[in-house]
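Quick look at what Swiss-Prot lists:
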SIGNAL    1-23  signal peptide
TOPO_DOM  24-33  topological domain 'Extracellular'
TRANSMEM  34-54  transmembrane segment
DOMAIN    103-392  domain 'Protein kinase'
BINDING   Ile109, Gly110, Lys111, Gly112, Gly113, Ser114, Gly115, Ser116, Val117, Lys131  ATP binding site
MOD_RES   Tyr178  phosphotyrosine
MOD_RES   Thr270  phosphothreonine
MOD_RES   Thr275  phosphothreonine
Amino acid sequence: MEDKKANIIATILILALVVVIIAARVSLKLSKTFYLIAGVDISLILAVICFLIIRSRYNKERKLLVSRFASEGRELRIEYSFLRKVAGVPTKFKLEDLEEATDGFRSLIGKGGSGSVFKGVLKDGSQVAVKRIEGEEKGEREFRSEVAAIASVQHKNLVRLYGYSSSTSANRPRFLVYDYIVNSSLDIWIFPDRGNRGRSGGGCLSWEQRYQVAIDVAKALAYLHHDCRSKILHLDVKPENILLDENFRAVVTDFGLSKLIARDESRVLTDIRGTRGYLAPEWLLEHGISEKSDVYSYGIVLLEMIGGRRSISRVEVKETKKKKLEYFPRIVNQKMRERKIMEIVDQRLIEVNEVDEEEVMKLVCVALWCIQEKSKKRPDMTMVIEMLEGRVPVNEPPDSDVVVVDLLAADDDDASTGVRRVVNIPKLQIHRERNFRLSSICSSIISPISPR
């Protein structure tokens, strides 16, 4: 705009000087005064023309310089973004940046108890998943847990925290920004009723892919338990929190319920939190939790991958036409003792005849070791990796009492009859009023604690 004004003023000035010369010629003829005025005017006209030429060249060079700086600035921002990725340093985003990246939070790709997840594209072209954590007390607790747990960890089988956005205002939600994982979560690939609900992906994961997912998740948990400065307990291991990348390799996500503990701590007491079917018995019995609680949840996930079904379901009893709880791990344990292990495998895998029976037996044995009632009997995740990769033989696990089933069945019966009862478990007697608040705990299991 300034250049345009300068050019207009210069043109008007030149025209004015030309008019002065013409007027002087008419009035003064060819006198000495005319030549003096003409000389001064011509000098001024030449000066204005020189000014325009110099200014034009200067503006052209300035535009080239600005363009080059802008290009270098973009490259610098991209390079800086790349360096932050390599270093694993989370970026603090403004809310406006996340709104722009997610198109006003319109692209919803997931929703659960800890928040909603939206797909987004950042200014540098990176595809991200933006998790919105809402609620004051719960949101703040989960936000701090998740940032503390994952900000400093880097592992190929753990989702990477790209950045975050927080506000001092209690009413504003908090955001966590993760790498976008294209094939969504494991549940829609192993449970038949999850693949047709409008979510991206969906289908039947092959046996080979399931086995690799088992190894990937084991490595992720082993890293959290043994290779970090503080032990990190995930405390919400389940198919919904296991994502699959473009090569169907597993990436563990959602650290909203995680807990950091010192390396010299063997177990800690904490409030019951998690998802039904994946909670270890020691958690329900208020004996304190440890990394072996994650091992238990992992074992349940293994069984669900093998069978293509949930660990807990309600089935109708033909005689009474009432529904009762059916616990898949108990069925697996029984079939293994009867040497009918192929009867529990996902029928879709049987139909395509791609299942190795020896691998099924190995995976079932590993899973049953992982869900032993006594946490000391469970292997740690490094041992699980050794067993899955064939470096350590897998022995047949001991028969299980399946404590969780007794707890669930007791509460299920009491809910329908209103009768108080004592649940007898080997070496353990639990009474409602004196030693254990069974009803409150089991009811929290039956209705999902974390409805995701």
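Backbone N, Cα and C atoms are what each Cβ position is placed from, and that goes for glycine too.
Since we're looking at a predicted model, the values are computed, not measured.
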The topological domain 'Extracellular' (24-33): which same-chain residues, six or more beyond its ends, come within Cβ distance under 8 Å?
41
Least buried of the modified residues Thr270, Thr275, going by other Cβ atoms within 10 Å?
Thr270
Lys111 (ATP binding site) to Thr275 (phosphothreonine): how many Å between their Cα atoms?
15
Coarse DSSP state, helix versus strand versus coil, of the residue listed as 'phosphotyrosine':
strand
Tell me which of the binding-site residues Ile109, Gly115, Val117 ends up closest to Thr270 (phosphothreonine) in space, Cα to Cα.
Gly115
Average pLDDT across the domain 'Protein kinase' (103-392), rounded to a whole number:
87
Taking only the binding-site residues Ile109, Gly115, Val117, which one has a CA atom nearest to the CA atom of Tyr178 (phosphotyrosine)?
Val117
Measuring Cα to Cα, tell me the gap between Ile109 (ATP binding site) and Thr275 (phosphothreonine) in whole angstrom.
20
Return one of helix, strand or coil for Thr275 (phosphothreonine), based on DSSP.
coil
Which of Ile109, Val117, the listed binding-site residues, has fewest other Cβ atoms within 10 Å:
Ile109
Taking DSSP as the reference, which of helix, strand or coil describes Thr270 (phosphothreonine)?
coil
By a 10 A CB contact count over all chains shown, which of the recorded positions listed here is most packed: Lys111, Gly115, Tyr178?
Gly115
I'm trying to understand the geometry here, so how far is the Cα atom of Val117 (ATP binding site) from the Cα atom of Thr275 (phosphothreonine), in Å to the nearest whole number?
19
